[in-house]
Amino acid sequence: MVKQNDKIILAYSGGLDTSVAISWLKDKGYDVVACGIDVGEGKDMDAIKEKALKLGAVSSYMIDAKQEFAEEYALIALQGHTLYEGEYPLVSALSRPLIAKKLVTLAKQEHAVAIAHGCTGKGNDQVRFEVAIHALAPDIKIEAPVRDWHWSREEEIDYAKEHNIPVPINLDSPYSIDENLWGRANECGILEDPWQGAPADAFDRTKALADTPDTPTTLEITFEAGVPVALDGESLNLADLIIKLDQIAGEHGIGRIDHIENRLVGIKSREVYEAPAATVLLKAHKDLEDLTFERELAHFKPIIEQKLADTIYNGLWFSPLMEAMVAFLKQTQQVVNGVVRVQLFKGNVITEGRKSPNSLYDTNLATYTSADSFDQQAAVGFIKLWGLPTQVNAQVQAKAQAEAKTDKAHA
């Protein structure tokens with residue numbers, strides 16, 4: 001039961017759903033506090049703030065979280081090489097725990113009794129938001145207006161008109177889009193048919209290959225302890241580096257992903273993603289790890305990477321397992337220092353060179369020239385011992401087969 005002056009924090013985007021949610025929550029008796037979190041969507045946050053107030057929110061907060069998103073969320077995805085099902089760079093999944101954290105912080109500040117989000121009952125985000133919120137504030141109430149009101153799109157528009165809520169002029173767009181610094185996610189409309197190719201208007205951050213430059217761009221990316229810190233020698237904070245690289249790579253058509261995805265809620269969904277900067281950084285970072293990791297670590301880390309991707313996708317950011325995996329990641333990154341040179345061309349990221357003060361590549365051991373320092377005679381004993389279990393097994397099996405033939409002949 002909602003009491004008079006009970007506050008609720010609404011994750012507010014400025015779109016139709018959360019705009020209608022302000023009125024709907026007010027009808028339930030709440031004082032609505034709108035909260036927009038900027039993780040790099042490129043929206044006019046001041047306009048969104050004013051819109052919330054005009055629609056009846058008692059207060060409206062806009063939080064710039066781009067740098068925090070880059071340094072504490074996207075960076076983990078980069079260092080963990082997280083690709084859900086080997087394809088999806090966790091664009092939306094990465095922002096949800098940060099948004100949830102900001103909502104909970106504001107709820108405590110405003111002494112709110114509840115938090116509301118604008119997710120439907122069909123997607124993954126409802127799970128991510130609610131699990132994250134209750135991990136940080138176990139006893140707070142959660143409202144999900146869009147999931148609860150059971151309206152068709154037409155009924156929602158009728159409600160908006162009755163309550164003088166502006167209907168966006170792009171409402172006829174068939175797509176559902178979410179984006180942040182790390183990439184852009186697109187679904188619905190013609191994309192729901194997995195046989196149909198994604199049309200040109202489904203993309204925004206990448207050029208079609210036919211429209212990309214006919215000459216490649218070469219970049220040098222500098223890493224310190226696994227963190228990208230410079231492009232072509234220009235030092236940049238991580239958020240700015242991602243933004244700049246996103247524009248450069250997008251011009252070359254890099255980072256388009258068309259993926260049939262197994263959602264957490266049990267259905268398959270066709271998703272179209274654009275992640276130009278993420279695609280380049282993931283490639284460059286992996287190449288630098290290949291240069292600096294010893295073999296056992298290089299072979300083990302992908303096991304953690306897959307579990308990390310699943311954990312983030314499934315909304316378990318604030319969990320003991322996640323904390324342990326992040327600690328593992330941070331430990332591994334101490335040697336990931338150096339520069340990677342990549343060529344961007346016609347949708348491809350090609351590594352041309354890499355160097356590191358922590359490189360484990362020894363030219364004198366690897367070369368086949370007269371400078372070779374590898375003791376090839378040591379291979380004789382190594383092969384004998386390495387192959388001994390296989391050799392012994394073969395001898396035992398051969399003996400057993402011979403005895404079986406003898407027994408059969410005497411039977």
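Here the Cβ of each residue, glycine as well, is placed from N, Cα and C on the backbone.
Ser19 (ATP binding site) has a Cβ environment of 28 other Cβ atoms inside 10 Å. Marked as ATP binding site by Swiss-Prot: Ala11, Tyr12, Ser13, Gly14, Gly15, Leu16, Asp17, Thr18, Ser19, Gly118.
If you look up Swiss-Prot, you'll see Tyr88, Asn124, Arg128, Ser176, Glu261, Tyr273 marked as L-citrulline binding site, on the strength of sequence analysis. The number of other CB atoms found within 10 A of the CB of Arg128 (L-citrulline binding site), across every protein chain shown, is 27.
Look at Swiss-Prot and you will find Thr120, Asn124, Asp125 tagged as L-aspartate binding site. Listed in sequence order, Ser92, Arg96, His117, Cys119 are the same-chain residues at least 6 apart in sequence whose CB falls under 8 Å from the CB of Asp125 (L-aspartate binding site).
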Taking the Cα atoms as reference points, how far is Thr120 (L-aspartate binding site) from Glu261 (L-citrulline binding site) in Å?
-> 18
Reduce the DSSP letter at Asp17 (ATP binding site) to three states and note it down.
-> helix
For the binding-site residues listed (Thr120, Asn124), most other Cβ atoms within 10 Å of the Cβ sits at Asn124
Excluding its own, the Cβ atoms lying within 10 Å of the Cβ of Tyr88 (L-citrulline binding site) add up to 21
